[in-house]
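These features come from Swiss-Prot:
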- S472: active site, proton acceptor (ACT_SITE)
- D78, D120, K121, E446: Mg(2+) binding site (BINDING)
- C119, C192: [2Fe-2S] cluster binding site (BINDING)
- K121: N6-carboxylysine (MOD_RES)
Amino acid sequence: MRSDAIKKGHLRAPNRSLLRACGLKDEDFDKPFIGVANSYIDIIPGHYFLNDYAKIIKDEIRKNGCVPFEFNTIGVDDGIAMGHEGMLYSLPSRELIANSIETVMNAHQLDALICIPNCDKITPGMLMGALRVNVPTIFVSGGPMASGVTKKGEKISLSSVFEAVGAYESKKISEEEFKDIECSACPSGGSCSGMFTANSMNTLCEAMGIALEGNGTILALSKEREELLRKAARRICEIALDERFKIRNIITQKAVRNAMVVDMAMGGSSNTVLHMLAISREAGVALDIKDLNFISSKVAHIAKIAPSLNSVYMDDIHKAGGVSAVMAEISSRQGHILELDALTITGESLKERLKNAKIKDENIIRKVDNAYSKVGGLAILFGNLAKQGCVIKTAGIIGERKFKGKAVCFNSQDEAIKGIIKGKVQKGNVCVIRYEGPKGGPGMQEMLSPTSLLMGMGLGADVALITDGRFSGATRGLSVGHISPEAAEGGLIGLLKDGDEIEIDVDAYTIHANVSEEEIAKRKKEFALPQKEVSSRWLRMYQKLVSNASKGAVLDME
């Protein structure tokens, strides 16, 4: 056992003495030691109950002949951190989470790992850390919350509240309606109910085979979710000493491809691109941002979920057959794009896992022949504005897929929010938000507040927004993020001026500023990078080491 390094032989008597202080007995030193990586925190609705989940898991591990050791990671709630300086810390928290998993697991030489994530950067951070450790690993998330319901009987989610701010600012709804939306949107514990980043990543864990069926869609705080916890705990005990189930044997090139196929079929958050690039790097798997358009071109978009379609939420997807039904439909009609021989954590191949899966409601999960789109729900655009690429969630587009407009430029998200409220962005404009990339922020803030304001003010179909920052999974509209190179590293987005004409063609995968090469060269000569004081030592360190978005915004020591 790996854990023999801390528990076997007379030289380890001091180690055992400390472990006895934690309650271990003689017989425990012959059992596998399993790390239970929790992410319990009171301030995140998807995490405040995870201490109870960890107890269920630990009890089941003990019943099955292993010794659990619970430890915790930090967590940041993107919705609560949104719209102020707190959002600077969201993406960097992913690296701290990865480091904490690696640190605890390797410092104590634990044999296997079960991770309990749920929201935002916590799932990808845990995946990155687990891949560094490379022991048998299972992920079992906290689960999504149910959708909210207003007094009028309308189904809503957190994204509805952000959009209501814009509607209230432009006097489209009353104060009473505004308060009703605020109080109804998040009715229970769990990750936010739409296909936002949390549910996207928990769904992709299922697609990669590192989580059991239902991980992405079974509601939080349900009996069904509790049974999933017990199944995961039993399974980690079965495989704790089996090297076939080391996480790098599960998250392979094939698994990563399957994840991106499901991402395209379900119109996942644009953040998944950032995270899968980082996860692939830790797994030693090749994934280039340029590859994603090929996958998208081969995969139909068959499940549309809020915020892209506000009548469908994660619990609806679960009732309709879940992630397995999506994969089964893709495999039956577009099977060549899925790697069906990929190994899953149960020991089955993906093909075996899907043998009984089927769509139970074709109004929720469509057949390929009746897909929302013949291509996937994400796209990578290239052009003089994004020579290294940028990302758009095509599933969330509500207007034209071609757009030409005049730039209205802002040098920060705060500046953009004030400008939008004051009416500086009008129909036909391209709202440009820059110096919000991984280095420029630093931290690559999400632009949910600006996009939601535009939607709520009735401009969602008539305005494009481009940024070197990123978007919440709750964003919809013609929103282009992750522009690389970013403004802070000399990207053209930093040289744009108000009135410059910008063209976006989603189907041609292009984004272009109609500015001559001569004019660009002139602007470069005159350009001086705006100086932004960063008081936080952690953010300064992050700024110095972080790569750009086209590489996953990872800390790069090379």
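Any Cβ shown, glycine's included, is placed from N, Cα and C.
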Which residue, of the binding-site residues C119, C192, has its CB surrounded by the fewest other CB atoms within 10 A? C119
Checking the recorded positions D78, E446, S472 against C119 ([2Fe-2S] cluster binding site) with a 10 Å Cα-Cα cut-off, in sequence order, leaves D78
My understanding is the cutoff is Cβ-Cβ under 8 Å with a sequence separation of 6 or more in the same chain; which residues meet that for D120 (Mg(2+) binding site)? G75, V76, D77, D78, S90, T197, A198
Where E446 (Mg(2+) binding site) sits in the secondary structure, as DSSP reduces it to three classes: strand
By Cα geometry, the one of the recorded positions (K121, E446, S472) nearest C192 ([2Fe-2S] cluster binding site) is S472
Quick tally, other C-beta within 10 angstroms, D78, E446; top of the binding-site residues is E446
I'm trying to understand the geometry here, so how far is the Cα atom of K121 (Mg(2+) binding site) from the Cα atom of S472 (active site, proton acceptor), in Å to the nearest whole number? 11
Which same-chain residues, if any, lie at least 6 apart from S472 (active site, proton acceptor) yet have Cβ under 8 Å of it: D78, G79, M82, S159, F196, T197, S269, N271, E446, M447, L448
Secondary structure at D78 (Mg(2+) binding site), reduced by DSSP to three states: helix
